[in-house]
Amino acid sequence: MKRALVLFGSVSDQYIYDDIISELKKEYLVDFQVISAHRNPEDLKDRLDRDDFDFIIAGAGLAAHLPGVCASLTKRPVFGVYVPANFSGLDSLLSILQMPFGVPVATLNPNNIDIVAKVLKAIDSRDKKSINIVVGKEVREYESTQSELKRLSQFGEENGVSLNINENFSDVEFNIVLAHHDFKKEMREDAFYIPLLNASEKKSPSYGLKILERVDNGAIWFGVNNSRNALKFYLNLRGE
């Protein structure tokens, strides 16, 4: 049975982490600890250095750096849960979602924790050598889309993963979805989602609110135009 380490930054988050722990115990061995990345960084490093877990669920509110710090200190996969302390969780969400390339955190709504087990099972059951990239035909020729596909294809090639680009989901391969704001397809448990924005959209704060609404609707998300982090996280889950 896989081992999940659940870390939260404050006991004030108990109303969220109690339900998360209960849900995870249905599928995994669970260890839990309250550690603040800001107040107890040495304790956090010591806990992660024990490496007695298969993946981490980390959550925090406000300047929610705990998931990202965890991802920087361990090679194990880190799922980040945003806590809606202010702005309905927008500040926390962006702190977790917008990790730089190479340090991925899979971001999800705290009410959607059951998707973790579903995603892990989907990855175990799918073709390991290829990924299906879902992108709508209406945005496929956009400069921002082509740039993202080029970077992702190169990263996939460097890591021995072939990419198949389609308008539809695959039931054989795991899916990475480039989701423009007009993207209308369903939220699925066999996919990672990437907000796809062009240059002008990335400059508009209003799109942060739109992304919050989309993540609230479900699925696992990574940062804006950062599909490489989704692929790296996928590789981390496979132990590569």
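Note that Cβ sites are derived from N, Cα and C of the backbone, with glycine treated the same way.
Remember, it's a predicted structure, so these values are computed and weren't measured experimentally.
Over in TrEMBL, the protein carries these features:
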- 2-130: domain 'PurE' (DOMAIN)
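Per-residue pLDDT, averaged over the domain 'PurE' (2-130), rounds to 95. In terms of DSSP helix, strand and coil, the domain 'PurE' (2-130) has 56 helix, 32 strand, 41 coil.
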